[in-house]
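As given in TrEMBL:
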DOMAIN    7-428  domain 'Enolpyruvate transferase'
BINDING   LYS22, SER23, ARG27, SER174, GLN176, ASP321, LYS348  3-phosphoshikimate binding site
BINDING   LYS22, GLY100, ARG128, GLN176, ARG352, ARG394  phosphoenolpyruvate binding site
ACT_SITE  ASP321  active site, proton acceptor
Amino acid sequence: MSTLRVKAISSLHAEFSVPGDKSISHRAAIIGGLSNGVCEVSNFLPSEDCLNTLKAMRALGANFEIIEELEGYGPTKLRIHGQSMKLKAPEAPIDCGNSGTGMRLLAGLLAGQEFTSELFGDASLSSRPMGRITVPLAEMGAKLETLGDKPGCAPLRIHGSKLKPIDYDMPVASAQVKSAVLLAGLFAEGTTSVTQPSVTRDHTERMFAAFQLSCRTENNKISVPSGQMPESCDIIVPGDISSAAFWLVAAAAMDGSRLLVKDVGLNPTRTAILKVLGRMGAKMTEILHSSTGEPIGNIEIHGAPLKGTTLLPEEIPNLIDEIPVIAVAAALAEGDTHIRNARELRVKETDRITTTVENLRKMGADVEEFEDGMIIHGGKRLKGANIESHGDHRIAMAFAIAGLFAKGETVINGTDCINTSYPGFAHHLDAIRHERTNPEDFNLPVITK
Ligand code: S3P
């Protein structure tokens with residue numbers, strides 16, 4: 001089991017870009033694999049989660065070639081050979097690793113095929129709720145079995161069936177559930193609709209549009225007709241704002257610092273983190289380079305003394321993955337930060353309410369835990385501690401950031417999981433810890449094939 005050791009730094013002046021967006025990379029692998037030709041994907045995220053989805057699509061017949069790869073990881077630029085909506089039965093059960101997105105989206109895709117398939121994952125994924133997708137998919141006529149020891153959990157056995165369209169009122173605000181139903185809808189007979197209780201990330205809808213698939217959004221209802229063929233196209237994946245969030249918090253909380261994150265995704269369904277840091281006192285500018293498809297731009301942030309804030313209920317789905325690091329920012333801020341209406345955190349890679357509160361307390365922060373979140377009474381000096389990631393990438397990275405502010409050394413145990421979303425995090429952390437300012441020191445080694 002690997003560890004990261006972190007000590008406090010006194011300044012942060014850096015310019016770099018973070019690896020590709022995880023959500024968009026999964027969708028590029030899946031929809032590219034369904035398309036009617038060759039798709040070149042640039043800045044693909046070579047993290048374990050996305051590589052598992054890429055391999056799953058290969059097992060279903062959509063092969064890929066590597067054009068460039070991140071040394072020691074996998075493709076950052078690749079060519080996917082789309083199968084014109086005709087997938088083949090996989091020869092073995094498909095491994096989704098740690099990825100809820102991979103498993104739920106693939107389950108939607110597999111529900112309407114003419115074969116039986118199985119999806120499995122690691123211990124964390126095997127304890128996460130799958131009823132949220134098996135219920136609507138069963139309503140469409142799919143036959144799904146949950147084979148896990150825990151009721152309603154993976155492994156999943158999917159007996160592909162003829163699907164009928166549904167008009168689904170989604171009880172939880174989940175982009176994974178929405179996307180599973182929409183992908184199944186491509187294979188149903190008629191128009192499938194999903195109504196979400198509040199706005200969730202819209203990468204599937206944008207990726208459908210890039211592949212010229214008709215998909216309508218009216219208020220919170222998204223509809224997709226069946227019988228369509230995705231037109232192959234090239235995709236440029238923006239940097240992942242959820243990965244950038246770690247450094248944005250580090251810079252925001254360090255008075256006098258300056259950070260420029262380049263070529264990052266600025267999709268408005270993902271940028272609530274910027275609003276929150278702004279309310280906490282960080283000074284920020286966003287410069288949009290391109291707004292077709294997925295918006296991409298730069299974020300420049302200057303640190304300032306932070307103050308507490310309240311996360312709005314409608315912001316929660318937009319920044320759900322950033323909450324562990326927002327909680328760290330809150331501990332560093334003066335005053336109280338209220339994070340409520342966030343029960344979904346309990347069914348992420350870990351129960352992120354428990355793992356965030358436990359580790360913040362170890363570092364000396366004053367936190368109250370609630371069933372649906374936490375209140376952080378900020379402003380106490382953090383002290384170095386022995387932190388457990390519990391195998392959760394975002395917990396490991398959030399507490400590495402806390403370590404940059406703590407008195408004494410912070411040791412984070414179990415950091416291999418970081419590779420599920422941010423290959424190269426340790427390299428970037430090393431450059432930040434050594435207070436490097438040369439952009440070249442942040443470059444990750446890419447090999448052209
Ligand atoms: C994701 C959606 C979110 C998020 C996850 C990625 C996606 O999950 O937490 O990391 O790519 O659709 P839910 O929408 O299920 O909350």
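Backbone N, Cα and C define each Cβ position, glycine as well.
Across the annotated binding residues for phosphoenolpyruvate (LYS22, GLY100, ARG128, GLN176, ARG352, ARG394), the two most widely spaced Cα atoms sit 19 Å apart. Calculated from their C-alpha atoms, the gap between GLY100 (phosphoenolpyruvate binding site) and GLN176 (3-phosphoshikimate binding site) amounts to 8 Å.
Comparing Cα positions, SER23 (3-phosphoshikimate binding site) lies closest to ARG394 out of the binding-site residues ARG128, ARG352, ARG394.
Taking Cα separation as the measure, ARG394 (phosphoenolpyruvate binding site) is nearest to ASP321 of the binding-site residues LYS22, ARG27, GLN176, ASP321, LYS348.
Annotation for the binding-site residues ARG128, ARG352, ARG394: lowest Cβ count within 10 Å of the residue's own Cβ, ARG128. Annotation: SER23 carries the greatest number of neighbouring Cβ atoms among the binding-site residues SER23, SER174, GLN176 [cut-off 10 Å, Cβ to Cβ]. Checking the binding-site residues SER23, ARG27, SER174, GLN176, ASP321, ARG394 against ligand 1, the ones with a C-beta less than 6 Å from an atom of that molecule are SER23, SER174, GLN176, ASP321. Other C-beta atoms found within 10 angstroms of the C-beta of ARG27 (3-phosphoshikimate binding site) number 27, with every protein chain shown included.
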